[in-house]
């Protein structure tokens, strides 16, 4: 198969892979070195030998004792994040088409097979390996610190004025809190939607939410035990008054108690019984993480917080960039309304915005809720539809039902205020490595596969490349849901004859009807909007070289933060601590650090955002002017008629409909031919688990389950 690049590149794919390999090796080396610091930290060797050396080497009036801690635990991870930006930037420059000889070169395919299906969900061997390593790290951290503190428990008890067994409770509470810090260290990486570290591991944010959930439960369990043990210690030692102390020179109890209370409220709403029934309550209480982190830093000070600072620092950068993007109202140009309570929204975008199949985009509609943001799969293709980007929304909650009710009114709305964040998605796609693709969906789970099919349409018709055979198995409740298949083809831009070039077979299963419905299904209804001139097309938040800009933001914001902290210590903290009888309070230092982190991120990210916004302003204005002209409106009006020009009849011939039963997934998968069969499942949890179980059963060797989550 001939290799063709979708975009020109100054490097060959081979050279890019070599550079990426070097980046991965360097990132792994730095991480292993940082991991050794975590392993050594709860030992006598670290405190008696390493700390004096590190302090002597890095301590100065400019950074004080915070310097060595910051360089040990914060700088290495942020440097890995910068390397990750370079890695993803190169990944996007690689050819999107792989040769047949490269298809089967997936060295980790055995480790990617699902191992655990329940109760943790779909967990692969490699995920299980990292989970085991993390648990071992936590156990080591706990046991080493217990040994460290209990070895001098008699001296500590005498200093504290308590008996030994009471001192053991005190030290055990401290150690459990320190172990909780390890969970908090990794908590924010999975929810950084524009993360540059997750792609180094082949992960995406939407596919890593389960790690955030696991870490959150572990952290709050440990922090709760930590707080209860301290209350027990104060009670048995007659020191309950210490619950109300706010020590300016050490750990402050009051902010720790307030932080734990806030965390418990947040934690209580995350359990499925509450989250599913009262999603709004879960959504709004999750904003309490801001208060939790403020109280956490006031409680521990920066000394103990440095180990978790890099993950939170990267999350704040990502969150602020999302905030900047969400301030702009985007240009919603049309919508397609289906009778099965589904609507497709089509937005204007600039041609430089490129994204991969299976990307997601977050939407906010202020007329429905000013605070709620909901993720939806991007169904358009950035090559077939260079000027528009589309998402499909199925009614499955109160927010989506309100949106559909607005769209389905007989008197259509002329305009709708919408803000977006994203799109976010994998840096590259791996489904092209297979000879055959089996896409199994349930209900609205078909939406991620629409983008895959459109990508393959583009490759087979425009690039004239051989593409994998596709078997789409879709399960619907009733016949009306079959209209979801009408969205497989875009409104316009589909080359003629695309269906003949694409080997596509669709097996549709209607589970609650035993025969076709007698009434004739209604056609798609298209709504044309009249956007305001101020509504802008969706643009890349940091331009086409967004990952290079992201690396610059990480580097410059951290440098600014160090500068601000250094000036504070040089001209205020150090003179006070060493020249007077006063000591600069720990909680005040934490407040200044929080302020400096926020200021550094705002300055660096705002400068990059405004620079790129200015560069894209000309193209944005051109799109706005064209859209406001009568000619543009006429072309949009023609979009509804253009459906007849699509190869819809050819697509209909590919659909085989079954009534009254569910698909026999085991039989279907075992009968699929091909040396390498990629299997992707999207939809209800039970369906995804059943597919993963079949692929991991070992009955055949050619099935490769793609562990990609399509549910946030």
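Just so you know, glycine gets a Cβ as well, placed from its N, Cα and C.
Over in TrEMBL, the protein carries these features:
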DOMAIN    325-430  domain 'FAD-binding FR-type'
TRANSMEM  21-41  transmembrane segment
TRANSMEM  69-90  transmembrane segment
TRANSMEM  120-142  transmembrane segment
TRANSMEM  148-165  transmembrane segment
TRANSMEM  172-191  transmembrane segment
TRANSMEM  211-237  transmembrane segment
TRANSMEM  258-275  transmembrane segment
TRANSMEM  287-317  transmembrane segment
TRANSMEM  547-571  transmembrane segment
TRANSMEM  591-611  transmembrane segment
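Residues 294, 297-298, 302, 313, 316-317, 320-321, 324, 541-542, 549, 552-553, 556-558, 560-561, 564-565, 568 of the same chain, all 6+ positions outside the transmembrane segment (591-611), place their C-beta atoms under 8 angstroms from a C-beta of that stretch. The highest tally of CB pairs under 8 A with the transmembrane segment (69-90), across 120-142, 172-191, 547-571, is held by 547-571. Sequence-distant neighbours of the transmembrane segment (21-41) (same chain, 6+ residues past either end, Cβ-Cβ under 8 Å): 50, 72-73, 76-77, 79-80, 83-84, 86-87, 90, 137, 140-141, 182, 200, 307. A Cβ distance under 8 Å defines the sequence-distant neighbours of the transmembrane segment (172-191), meaning residues of its chain 6+ beyond its ends; these are 38, 42, 134, 137-138, 141-142, 145-146, 149, 197-198, 205, 208-209, 211-212, 215-216, 218-219, 222-223, 225-227, 229-230, 232-233, 296, 304, 307-308, 311-312, 314-315.
Under 8 Å from some Cβ of the transmembrane segment (211-237) lie the Cβ atoms of residues 120, 131, 138, 162, 166, 169-170, 172-174, 176-177, 179-180, 183-184, 186-187, 189-191, 243, 253, 256-257, 260, 263-264, 267, 270, all in the same chain and six or more residues away from its ends. Outside the transmembrane segment (148-165), and at least 6 residues removed from its termini, the chain residues within Cβ reach (under 8 Å) are 42-44, 47, 171, 174-175, 237.
Residues in the domain 'FAD-binding FR-type' (325-430) partition by DSSP class (helix H, G, I; strand E, B; coil) as 12 helix, 39 strand, 55 coil. Panel annotation: around the transmembrane segment (258-275), residues 213, 216-217, 220, 223-224, 227, 281-282, 285-286, 288-289, 291-292, 294-296, 298-299 of the same chain, lying at least six beyond its termini, place a Cβ under 8 Å from a Cβ of the stretch.
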